[in-house]
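Chemist: When I checked Swiss-Prot for this same protein, it listed these features:
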- 472-479, 518-522, 572-575: GTP binding site (BINDING)
- 53-77: compositional bias 'Basic and acidic residues' (COMPBIAS)
- 78-87: compositional bias 'Polar residues' (COMPBIAS)
- 98-110: compositional bias 'Basic and acidic residues' (COMPBIAS)
- 123-183: compositional bias 'Basic and acidic residues' (COMPBIAS)
- 197-250: compositional bias 'Basic and acidic residues' (COMPBIAS)
- 267-278: compositional bias 'Basic and acidic residues' (COMPBIAS)
- 343-356: compositional bias 'Gly residues' (COMPBIAS)
- 463-632: domain 'tr-type G' (DOMAIN)
- 53-377: region 'Disordered' (REGION)
- 472-479: region 'G1' (REGION)
- 518-521: region 'G3' (REGION)
Amino acid sequence: MASTTVAQLAAELSRSAAALLEQLQAAGVGKATPEDIITESDKTRLLDYLKRSHGQADDSARKKITLTKRETSEIRQSDATGKTRTVQVEVRKKRVLIKRDDAAPEHQADGAEAQAHVVDAAEEARREEEERRQAEQLARQEAEAKAAREAAEREEAERRARQEALEAEQRRQAELAARKAEEEAAASRAVTEANEDTSRKKAEDEKARVAAERAEAQKAADEAKAAADKARAEQEIAARKRREAAEAEARAIQQMLNAPARVLKAPSERKAEEKKAEQTGTLHKPVKPAGTEAKPGEKKPVTATATTTTDKKGKVVKAGTSSTWQDEGSRKKGSGLKTRGDSSGGVGGWRGGPRGRGGRQQQHDDSRSNFQAPTEPVVREVHVPETISVADLAHKMAVKASEVIKQMMKLGQMVTINQVLDQETAMIVVEEMGHKAYAAKLDDPEALLVVDGEEHEDAELLPRPPVVTVMGHVDHGKTSLLDYIRRTKVAAGEAGGITQHIGAYHVETDRGVITFLDTPGHEAFTAMRARGAKATDIVILVVAADDGVMPQTKEAIAHAKAAGVPIVVAINKVDKPEANPDRVKQELVAEQVVPEEYGGDSPFVPVSAKTGAGIEDLLEQVSLQAEVLELKAPVDAPAKGLVVEAQLDKGKGPIATILVSSGTLKRGDVVLAGSAYGRVRAMLDENGKATKEAGPSIPVEIQGLSEVPAAGEEVLVLPDERKAREIALFRQGKFRDVKLAKQQAAKLENMLEQMTEGEVQTLPLIVKADVQGSQEALVQSLQKLSTAEVRVQIVHGGVGGISESDVNLATASKAVIIGFNVRADAGARKLAEHNGIDIRYYNIIYDAVDEIKAAMSGMLAPEKRETTTGTVEVRQVFRVPKVGAVAGCMVTDGVVKRNSLVRVLRNNVVIHDGELDSLKRFKDDVKEVKQGFECGLSIKNFNDVQEGDQLEVYEITEVARTL
């Protein structure tokens with residue numbers, strides 16, 4: 001028996017010798033080196049130790065080893081629907097091995113051997129039975145595979161046979177057609193030749209009948225040719241029909257042959273396909289057969305394709321698609337996916353039937369034809385507003401927004417779904433997509449106002465008082481004249497004795513009620529006077545007899561003529577010694593205002609607001625003009641009017657002075673004035689007394705509006721507050737874009753001006769006034785002060801007192817706050833004092849304009865002026881080391897000061913312009929040298945001084961500029 005070393009045993013066990021030595025020592029076998037001899041007893045001890053350490057203490061247990069072998073293959077088969085499936089075939093082989101223990105005691109050997117024989121016999125029988133079953137299964141699988149291969153080979157052979165038969169039939173038909181054509185051509189040639197021979201013989205034999213025979217021969221030839229052509233045409237039609245039938249059969253065969261072959265796929269590809277199938281669809285539709293195509297006689301839709309082909313994978317591919325994008329929707333509906341809009345009753349539709357029908361219903365649906373009748377494209381009439389988003393345009397055309405975006409891309413414009421298109425672009429897109437585009441009118445809720453106004457046109461018209469506007473130049477006595485009429489002293493209460501608001505009053509005279517509007521005469525209130533002329537029936541033009549026609553008088557005449565109202569001229573201040581009414585008449589005639597005594601239509605009335613002379617005549621002329629005009633207005637109707645003035649009161653809120661033009665305004669009515677609306681909470685007359693209603697030509701002051709309306713806005717009474725709010729919000733949004741566009745344009749213009757003209761001084765201002773008319777006039781007057789060097793910037797303009805928000809805005813913009821007839825509250829004053837904000841209060845408009853003009857003058861760059869102070873003649877030149885040229889001079893005129901500017905003249909030509917460096921008399925430095933004295937001087941950075949040169953000494957002074 002060969003001896004075994006520790007190293008050899010370690011090599012057999014595929015272990016390292018060191019690890020085996022450790023295990024031997026742990027088992028109690030004394031081996032120290034790999035060269036030591038190991039015996040069978042040592043191996044047994046090692047085995048026992050290993051069994052104990054691994055948890056197997058019972059040696060009597062027999063070991064049983066089971067071997068399982070698996071073989072996997074794939075077979076591709078087609079089911080009844082034509083879909084190809086992959087079938088996995090797995091073959092399992094199982095084998096059990098039992099290891100006997102030869103080291104058992106001898107007295108157990110016989111029993112163990114007998115038991116082993118019994119076990120081996122049973123195991124052998126079981127293994128034989130299992131091998132037999134596996135052999136049968138393998139044989140059955142091989143038979144199935146062989147049958148599948150034979151079926152495929154048979155199909156291939158049949159396909160080849162059909163293809164060859166088809167080709168042979170085509171060749172035979174072509175040869176037959178060619179042969180028939182040749183035979184017919186030969187027959188026709190033979191007939192023609194025979195006819196020619198006959199005619200030639202007859203021409204030689206019988207010359208008399210040549211013409212007749214030739215005609216008959218020609219007729220026979222024509223008939224033969226027509227018959228031949230007819231036969232040829234019939235043959236061509238038959239050949240074309242046969243060719244089309246053969247091509248259709250060939251396409252069907254080609255489509256069948258292009259079905260996927262039954263090949264084995266790798267498991268990874270099969271898993272990927274299964275995963276893709278789980279992700280993409282739930283229903284399957286078979287490929288549409290060629291026979292279901294539309295017939296030539298049927299009407300095809302515009303977007304239908306011409307041909308249908310299949311790719312290598314058997315999927316339907318459109319060849320020759322139309323140029324429109326609308327094919328995608330039909331292709332999506334034709335796919336096997338569930339789509340919410342598919343209500344055609346097709347197989348793939350979500351409305352195809354109830355869910356509980358089972359597999360039979362699905363199989364029946366799969367066998368149903370997929371052909372859908374073509375439909376005509378729907379042409380819609382799309383009304384396109386001024387602006388419309390892409391999503392809204394798609395909704396109007398009943399298409400997806402992506403279709404509109406694609407069409408815009410085709411037109412060369414990249415848009416998003418929320419991008420706004422202008423009307424012209426949107427109409428082009430609509431027409432490109434096959435619909436009809438119409439320019440729609442803006443959905444204007446103000447159209448409701450016209451309808452409401454028409455409902456009350458049939459109201460009874462009653463006489464109304466005239467509205468008389470008093471206009472004229474400043475300080476010509478308009479308000480004083482009105483005071484005498486009203487028997488009040490309004491003029492004494494105006495700041496500076498000038499009118500700065502529109503005052504509306506109604507006066508009861510002996511000749512009826514007259515409503516007066518007193519307008520300011522200062523040049524800044526142009527817009528106010530224009531509004532006064534717009535609301536009036538008659539204009540009283542007040543001209544001072546001692547002053548004559550002035551600029552604002554001419555402007556008032558222009559406003560009155562623009563409004564188309566008659567003018568009554570009141571020549572005021574006739575009680576003054578220097579009054580000259582005739583000169584006033586001549587000046588007014590030059591302005592196209594001709595008095596009645598000169599043949600005109602304007603009555604001239606000399607009056608005196610101080611003594612009251614001529615007032616009655618003036619009122620009589622006004623009444624006569626009113627009678628001529630026949631002023632009437634409905635009384636029992638919703639009120640309409642005009643905003644004469646508006647302001648913001650700290651306690652009452654927005655307040656508007658309204659002149660009612662028609663209807664009756666009552667407390668509690670819902671009014672709309674521009675973008676402001678609200679319910680009339682309180683109504684006061686011009687004396688501050690509460691009133692419940694106001695009829696035509698009556699001025700009132702109302703409270704309860706949502707904001708301060710713009711002066712000159714039309715006032716309407718609406719039936720409910722909801723409609724008023726809707727129209728007001730519409731008006732606010734309608735002009736917001738225009739306002740922003742103007743602001744942006746102004747910013748751009750300012751930026752360009754600053755870039756081109758350099759840095760411009762800016763005076764930022766915040767203007768707050770008591771009424772809107774004054775604020776408007778003040779802002780316009782201040783903006784007129786802007787020049788190319790200093791510009792007035794109105795940061796904010798508003799109505800009402802100066803608040804803390806105004807001070808904060810002034811702090812941020814470094815602006816000066818101007819308060820016109822308003823004051824700052826305590827919080828605003830404290831905040832302004834803390835932040836160093838300048839707040840200026842004014843009561844007279846030209847005081848504010850003058851002070852701002854003075855401030856702007858201070859911001860102007862000072863003007864530099866040059867003044868010659870003396871003249872020096874160079875008598876001698878000295879060269880001093882380290883100093884340069886020193887000129888000995890005589891002051892011939894004026895005085896020379898140290899550090900003065902100097903010009904060097906040689907032959908009356910300036911050769912240098914610089915500054916004196918030093919000035920001495922003898923050896924002493926002096927500050928100045930007067931005329932007639934000698935001095936020595938040196939010029940900074942100039943040494944080319946020569947005898948006979950003239951030095952001109954001058955200085956530059958800065959002079960403040962004014963606007």
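Using N, Cα and C of the backbone, Cβ positions are placed for all residues, glycine too.
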Chemist: Report the mean pLDDT of the predicted model across the domain 'tr-type G' (463-632), rounded to a whole number.
Modeler: 77
Chemist: Taking DSSP as the reference, which of helix, strand or coil describes Val574 (GTP binding site)?
Modeler: coil
Chemist: Within 10 Å of the Cβ of Val574 (GTP binding site), how many other Cβ atoms are there?
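Modeler: Result for Val574 (GTP binding site): 21 neighbouring Cβ atoms inside 10 Å.
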Chemist: With every protein chain in view, what's the tally of Cβ atoms within 10 Å of the Cβ of Lys478 (GTP binding site), excluding that atom itself?
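Modeler: Here the count is 30.
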Chemist: Work out the three-state DSSP category of Gly472 (GTP binding site).
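Modeler: The three-state answer is strand.
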Chemist: So, three-state DSSP: helix, strand or coil for Lys478 (GTP binding site)?
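Modeler: The residue in question, Lys478 (GTP binding site), is helix (DSSP, three-state).
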Chemist: If you draw a 10 Å sphere around the Cβ of Thr519 (GTP binding site), how many other Cβ atoms fall inside it, taking every protein chain shown into account?
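Modeler: If we count other Cβ atoms within 10 Å of Thr519 (GTP binding site), we arrive at 29.
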Chemist: Work out, from DSSP, the number of helix, strand and coil residues along the compositional bias 'Polar residues' (78-87).
Modeler: 0 helix, 5 strand, 5 coil
Chemist: Counting by DSSP secondary structure, give me helix, strand and coil numbers for the compositional bias 'Basic and acidic residues' (197-250).
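Modeler: When I sort the residues of the compositional bias 'Basic and acidic residues' (197-250) into the three classes, I find 53 helix, 0 strand, 1 coil.
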Chemist: Starting from the Cβ of Asp475 (GTP binding site), draw a 10 Å sphere and report how many other Cβ atoms land inside it.
Modeler: 16
Chemist: Around the C-beta of Gly472 (GTP binding site), how many further C-beta atoms are within 10 angstroms, looking at every protein chain?
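Modeler: Around the Cβ of Gly472 (GTP binding site), 29 other Cβ atoms lie within 10 Å.
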Chemist: Across the compositional bias 'Basic and acidic residues' (123-183), what are the DSSP residue counts per state (helix, strand, coil)?
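Modeler: Grouping H, G, I as helix and E, B as strand yields 61 helix, 0 strand, 0 coil.
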Chemist: How would DSSP class Thr519 (GTP binding site) in three states?
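Modeler: In the DSSP reduction, Thr519 (GTP binding site) maps to coil.
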